[in-house]
Amino acid sequence: MIESTPPGTRFPLDSSRDPDIGANSLQNYQLTPNPLFSLVVKESPDGRKHAELLLEKNLDREKQRNHHLILTAVDGGDPVRSGTAQIKIDVTDANDNPPLFTKEIYKIRLLENLPEGSLAFQVKATDSDEGTNADITYCFSHIANSARQTFSLDPKTGDVKITGPLDYEDVKYYEATVEGKDGGGLSAHAKVHIDIIDVNDNAPSLTLLPILNPVPEDSVPSTVIAVINVRDRDSGDNGEVTCNVDGDLPFRLAVSPLQYRAVAAGAAVHHGGEEAAERCSQPRPLRPGSLGRSSSRLIRSLAVSAAGRAASGHAVRSRAAARRGGRRERTAAEPESGTGTGAGGGATV
């Protein structure tokens, strides 16, 4: 009997035989009490009685897969004689249960440096039906093209793998809807929200705007020589940088909220010129064992003597903080120590 059988359905039962006649013959049928089934006894025109099993309520195979009843036939003799028969009812499955996801919303956090082919997460749905009615296949029902190019969903296992590059600086999160459908056509849906976590995967970039080149030998202190823009595509603390000039030179960095400037220090600029490295690096790592990224650039600024001879050079080095956060770009002001710290910037040399 299929579990979707509607209440009120009747099932004829085999008739009992009694060779006696009259009052000693078959008189009635009885059924063991059961909340789902009852017995209807009918009499044919020739006086014979037969029984029908009546379904009173809905069946639920997931609650009870089979039922055992006893049918008793009694005669009218004295003493009363009876016979019994067992009725075994197996309830077969109907696709009356849709799939059910383990979560309504899957909230996922992924590092942006996870390689392609990595397992990102798994969606899972269950179905209390059996057989093909419990076989679930998965698919994305609503998903943006950018997410479809970045993630794949296994229709059998629900595994979601990374199939494209993750880049926090380009896309910070993805959203999609997953569908689970059973073999009978019933379906369920779950939301997926994926946050991409920034890692320090971008070195600072340096651009130089020379203001004085060549640099006159008689330049007074605080003369602006060049502006250096430092930019780090990482966010937050990962975009914080510090800059400094390597070497004992007559230059120092001045830092402002908008730019780094390299200015002439107290000592005169000698006619032979100078060569040094300016370095921009992380102030301090956020996580133990994490490393910042650095970059450098050679800056050629010519120092001119009274006779007109000139030659010098500076190299700028930049190193980003190994921390999380937003993209920064700025230029810098004048620190007392000669070292500038900022979220990306410009330095004047």
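Placed from the backbone N, Cα and C atoms, the Cβ positions cover glycine too.
Feature annotations, reproduced from TrEMBL:
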- 1-20: region 'Disordered' (REGION)
- 3-101: domain 'Cadherin' (DOMAIN)
- 102-206: domain 'Cadherin' (DOMAIN)
- 274-294: region 'Disordered' (REGION)
- 283-294: compositional bias 'Low complexity' (COMPBIAS)
- 310-349: region 'Disordered' (REGION)
- 316-327: compositional bias 'Basic residues' (COMPBIAS)
- 339-349: compositional bias 'Gly residues' (COMPBIAS)
Residues of the domain 'Cadherin' (102-206) by DSSP state, where helix covers H, G and I: 8 helix, 49 strand, 48 coil
Checked against DSSP, the composition of the domain 'Cadherin' (3-101) is 3 helix, 45 strand, 51 coil
I'd like to know the mean pLDDT over the domain 'Cadherin' (3-101). 86
